[in-house]
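Notes to accompany the following structure.
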Amino acid sequence: MATPEEKAKALEAALGQIEKQFGKGAIMKLGETQKLDIEAISTGSLSLDVALGIGGLPMGRIVEIFGPESSGKTTLTLSVIAQAQKAGKTCAFIDAEHALDPIYAAKLGVDVKELLISQPDNGEQALEICDALVRSGAVDVVIVDSVAALTPKAEIEGEMGDTHVGLQARLMSQALRKLTGQIKNSNCLVVFINQIRMKIGVVFGNPETTTGGNALKFYASVRLDIRRVGSIKNGDEVIGNETRVKVVKNKVAPPFRQVDFQILYGEGISRNGELIELGVKHKLVNKSGAWFSYEGEKIGQGKTNAMKWLAEHPEQAAILEQKLRSELLANPEKALLADLEAESESNISEVESDF
């Protein structure tokens, strides 16, 4: 029977052989690094970046964004592209739905001249293009819009009444098996947009499910459930949506965080609105009655006027955002406690209003 010293030597020799054959980092002890240094790309929403725990969507991983129609899925991914391009990264958009509006994308801050776009004929072609872009190592962000539109070639070439049971699910499973290793090696962020469907005959539990089988649920490091929960009105005119995003899966930070933010038509995510709300919540912006003040200076009566002040003073807005980002990402527990306090206060006010 081998002694502990002999076992340690044998293990060291085996690890050395594995690293020699497969390269440095092929195998390591989990406790060697206290914290995984994961590069992230901002989503364009400060509150969502904080909820994700690392400041955005993780590079070198697969992300799924799903939700009902007109919930803001494409808007959120275009916002990710805009933030990535600002950081000097190369982005590609695989438009399987053939529905990308370049004018709207430009309004959200996307440099459409530099954006790579493909409108494939079928699901196999879309996933092959995605694989080629990832393998090149030259593309940093790939968006696939959407999984539901990745129609297998056999289905397109077949008759209307033909049944193709599980064909799309098998296609996704095979593609993800190929992609997942290459995505890590190339440090590319791949985002799949997905739609939801209703499962027939479900009596107990949630009847909603996403398209394309279960493979994407397993391979995705982050899954975001995005919903429209209300409308933003200016008088009688609807000018945007109240949007709620729940982090239903997160392999790089604690999951199940939930955030609300505004998406304004023609503008995208309301950055200044988030700065005001988060600033008040974390006591960087003072609110007294209807008045908001920042660093001792009154910036507006009502949230709309405070947002206008930030829009007119971009330097101050950038400083406030940097303060919030550094404070909340360095202390995620503080952000979580502030969310819980705000939620409990809203619940108390609702109970009081009932009486």
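A Cβ is built for glycine as well, from the same backbone N, Cα and C atoms used for every other residue.
According to Swiss-Prot, the protein carries these features:
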BINDING   G67, P68, E69, S70, S71, G72, K73, T74  ATP binding site
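For G67 (ATP binding site), the same-chain residues 6+ apart in sequence whose C-beta sits under 8 angstroms from its C-beta are K73, Q195, I196, D225, I226, R227. For the recorded ATP site, residues G67, P68, E69, S70, S71, G72, K73, T74 set the reference point as the centre of their Cβ atoms, and the other residues of that chain within 8 Å of it by Cβ are I226, R227, R228. With respect to Cβ neighbours within 10 Å, the binding-site residues P68, G72 differ, and P68 shows the lowest count. With respect to Cβ neighbours within 10 Å, the binding-site residues S70, T74 differ, and S70 shows the lowest count. In the structure as shown, the Cβ atom of E69 (ATP binding site) sits within 10 Å of 8 other Cβ atoms. Its Cβ taken as reference, S71 (ATP binding site) is surrounded by 23 other Cβ atoms within 10 Å in the chains shown.
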